[in-house]
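These notes concern the structure reproduced below.
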Amino acid sequence: MDWQVLTRELSLYLESQVRVGLFGSGVGLSLVLGFGVAYACYYLSSIAKKPQLVASNDRFCRFLEEYCPVVTETYYPTIWCWEGRVQTLLRPFITSRPQVQYRNELIKTADGGQISLDWFDNNDSLYYPDASTRPTVLLLPGLTGTSKESYILHMIHQSETLGYRCVVFNNRGIAGEDLLTPRTYCAANTEDLEAVIHHVHSLHPSAPFMAAGVSMGGMLLLNYLGKTGRDTPLMAAAIFSAGWNVFESVESLEKPLNWLLFNYYLTTCLQSSISRHRQMLEKLFDMDLVMKARTVREFDKRFTSVMFGYRTIDDYYEDASPCRKLKSVGIPVLCLNSVDDVFSPGHAIPVETAKQNANVALVLTSCGGHIGFLEGIWPRKCTYMDRVFKQFVQAMFEHGNKIFSM
């Protein structure tokens with residue numbers, strides 16, 4: 001669409017209406033059209049922009065430009081809700097929830113606990129009828145998320161159309177299963193994720209294997225990759241709306257408006273996720289004190305950092321921040337963030353560190369919020385994040401051998 005021509009035609013029409021309005025009844029319409037033209041100009045000049053692609057490896061950039069072109073195209077946020085907070089708040093209510101039939105599996109851990117995995121086997125796959133070689137995507141939801149989250153369901157729907165298999169890693173005690181030990185999860189401890197990755201790989205050793213993490217799931221995945229380097233069964237990973245620096249994230253969430261909109265609600269979600277296991281957790285924690293927390297920081301100080309043996313909450317937050325491990329990532333990773341995400345402020349995104357690792361590419365949009373990325377007039381079925389996910393996993397599974405030969 002030629003926006004300059006459209007704007008010029010609207011302006012000419014507006015001028016004619018203003019002339020009519022001065023002597024007749026066209027003033028109201030003229031004002032509406034005037035506002036519309038002004039808003040369209042502002043939207044096209046300041047809101048709709050191409051994302052910033054940050055990558056030090058020219059071959060990785062060329063690979064993405066050819067096989068994942070969405071990361072180089074202009075992102076047009078939903079015109080009536082492009083602001084980051086609004087996108088974050090509305091996405092769960094606006095986006096659809098595709099129907100997915102899971103197969104649940106409970107696996108035991110070394111410490112006597114259990115982890116719930118939800119499998120989408122895609123046995124009707126036309127492209128990969130052989131289950132032993134069917135590409136597999138491991139999905140990691142956010143802080144209190146499970147396999148039922150709409151963004152997870154959409155990722156599975158996208159994978160289904162490509163013929164891939166998915167498995168969702170539900171953190172301990174979060175998906176309805178019992179806690180067998182007084183331990184849940186955190187962004188820094190990767191033991192459960194390591195167990196899941198090796199379990200899935202052992203079941204399908206000949207299948208190409210990727211992972212995608214959202215929000216805290218992305219942080220956990222990055223911390224795992226920073227720890228393992230190239231020593232992982234995963235061939236690549238996609239990260240969405242990760243909090244790169246936990247200190248900056250909690251500080252942003254503690255600003256008055258953000259606390260009102262997000263922090264308090266998220267804290268209650270964390271408390272709700274452990275309240276069902278109160279009898280087990282009371283063996284180690286003062287649960288009355290934990291349930292009185294009013295911020296994520298207070299919850300982490302009284303519960304999470306104590307559970308995993310950190311001396312102080314600052315020690316935990318330092319260990320949980322993926323920005324400190326990004327240099328050690330040893331497989332291709334694509335990370336999508338919006339710079340207006342209050343959960344992961346734009347100034348805390350490690351752009352310079354990413355430039356020092358040839359395996360890392362950052363895609364930074366000007367709008368999109370936290371796991372928002374809504375687009376279209378009524379963004380029910382597909383978001384910009386969904387399109388990035390689909391194109392990147394397809395690029396890696398079907399053309400990944402070309403990434404370092406271009």
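Even glycines carry a Cβ here, placed using N, Cα and C.
Owing to the predicted nature of the structure, the values given are computational and were not obtained by experimental measurement.
Annotated in TrEMBL:
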type: ACT_SITE; residues: SER215; note: active site, charge relay system
type: ACT_SITE; residues: ASP341; note: active site, charge relay system
type: ACT_SITE; residues: HIS370; note: active site, charge relay system
type: DOMAIN; residues: 135-376; note: domain 'AB hydrolase-1'
type: TRANSMEM; residues: 20-44; note: transmembrane segment
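Feature map: TrEMBL annotations on the structure.
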residue : record                           : Cβ neighbours (10 Å)
SER215  : active site, charge relay system : 26
ASP341  : active site, charge relay system : 29
HIS370  : active site, charge relay system : 25
Cα-to-Cα gap, HIS370 (active site, charge relay system) vs ASP341 (active site, charge relay system), nearest whole Å: 5
Distance, ASP341 (active site, charge relay system) to SER215 (active site, charge relay system) (CA atoms, angstrom): 11
